[in-house]
Amino acid sequence: MQGPHLSLLLLLLATMGAVLQADTVEELTNTRGLIFLEDGVWPPSSPPEPLCLVAVRGEGDTSKASLTVVGGLHSYEHAFLEAVQESRWGPQDLATFGVCSTDSQTTLPALQRLGAWLGETGEQQLLVLHLAEVIWEPQLLLKFQEPPPGGASRWEQALLVLYPGPGPQVTVTGAGLQGTQSLCPTRDTRYLVLTVHFPAGAWSGSGLALTLQPSKEGATLTIAQLQAFLFGSDSRCFTRMTPTLVLLPPTGPTPQPAHGQLDTVPFPQPGLSLEPEDLPHSADPFLETLTRLVRALRGPLTRASNTRLALDPGALASFPQGLVNLSDPVALGRLLDGEEPLLLLLSPAAATVGEPMRLHSPTSAPWAAGLARRVAVELQAAASELRDLPGLPPTAPPLLSRLLALCPNDSRSAGDPLRALLLLKALQGLRAEWRGREGRGRAGRSKGTGTDGLCALRELSVDLRAERSVLIPETYQANNCQGACAWPQSDRNPRYGNHVVLLLKMQARGAALGRLPCCVPTAYTGKLLISLSEEHISAHHVPNMVATECGCR
């Protein structure tokens, strides 16, 4: 019974030491395992909000890593940290924290991680933020105090700790939470914990928006019931216990075991830009320039090896594409009608190193003048369209101009149509690949990035001040959906349909889709807006204003 009172007394003594500008720093130790250090350890540039540095003492009186508290550490927050540190996560401990199950919750791993951190020696700090503001209507919003300057950018996960009063089992959703989470309080429950992903919105935005739905069908919580449930009574101080936001330290790389077999994968070597001296020598300036253009548009490659690819013409003839007789104008006309890739097989004599690789043979390939003019016209059109594509590297236009100079550019002259055909097919392939990159950029919501992960709800604040008719709110948390749509589909939203399942399977098999599956909102909630009309001020509940769930469509 004396532990919490002693903790408060020691904290008071530490604060008095800072006020008196003590020259020495002493550790004030209580009997429950936490060490309160004097405020004198903080530099003069500390933020104006009072800070408390707390270190955890483990078994054997060993010094542990410290945690930072914005404001003073309450006795019930102190008790929560001790309960986490001492838990062995059996059934009784799960009941203490209101954990429903061990297989479908994200809360238990986060609590275990916090407990392991409290029991280890380290230099990183744990940040504890107190509640600054709560809004009950039209939606529950919890806003917390700001962390010290420069100390919030590296926090990626947090625990929202509730010190509950009596209440039912509920399902909790909201922006910032890691999916839908459940709370299962019992008579033995002292704490309820929710996992928050990227918690910066808890202090920089409008706050954490939470929706609590009782598990009993048709039941709802009134504001009075919600207040009694989330803000438990502190019988010692005759006050309410307010929620706390505990920012977990970033997860470091997992150490490899010292025993067993270790599979190692070397880091890929950085790509090397192929300078002119790095390119394989070719006696034909056309082929050499075309190689430079292809490599400039397809990005930097690793240094070329001396390995040559041996192609068997007999095996290639059995491929579905088949072989095209370039001396047949009809076959060449069909080739121009499509944009399929073209593979030219040269004779071994023409491919000899140091010998010019001539692609034209006027005596063996009598082209019709009309077909040659068509090749020249389409070549100029493809080159013009390629120049207009956004984001081309600066080396591409000069190389393209040189290639056109090496090809017949007069539509009235047959010239060397085989060389022009080769350039035309190359430009068609490069144009299609560059368009595909642009399309993948536009479909970024579907494919996502390395930091986005799977399709999930993300925080998005919308500014309504541009809508002059809307008075309140000026900004609100509308949320958005972002992330990868891939097979197997994430089970965060079980209401996806068979149509998107088939699309995702086709995408996984590499099938071409006109539209990739996209991460979009699948459920919304309304928002209360106060607007100004010509006659009066009115309040309207506008539907579909806040995205609450995401899925692939």
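Even glycines carry a Cβ here, placed using N, Cα and C.
Here Swiss-Prot flags CYS455-CYS519, CYS481-CYS550, CYS485-CYS552 as disulfide bond, drawing on similarity to another entry. The N-linked glycosylation site annotation in Swiss-Prot covers ASN325, ASN409. Annotation comment: Swiss-Prot describes 1-22 as signal peptide, evidence class sequence analysis.
Location within the structure of each feature annotated in Swiss-Prot.
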residue : record         : DSSP (3 states)
CYS455  : disulfide bond : coil
CYS481  : disulfide bond : strand
CYS519  : disulfide bond : strand
CYS550  : disulfide bond : strand
Residue among disulfide-bonded residues CYS481, CYS552 with least C-beta crowding, 10 angstrom cut-off: CYS481
Pairwise Cα distance for CYS485 (disulfide bond)/CYS455 (disulfide bond) [Å, integer]: 6
C-alpha spacing of CYS455 (disulfide bond) relative to CYS550 (disulfide bond), in angstrom: 7
CYS455 (disulfide bond) versus CYS552 (disulfide bond) - Cα distance in angstrom: 7
Inter-residue Cα distance where the pair is CYS481 (disulfide bond) and CYS455 (disulfide bond), in Å: 7
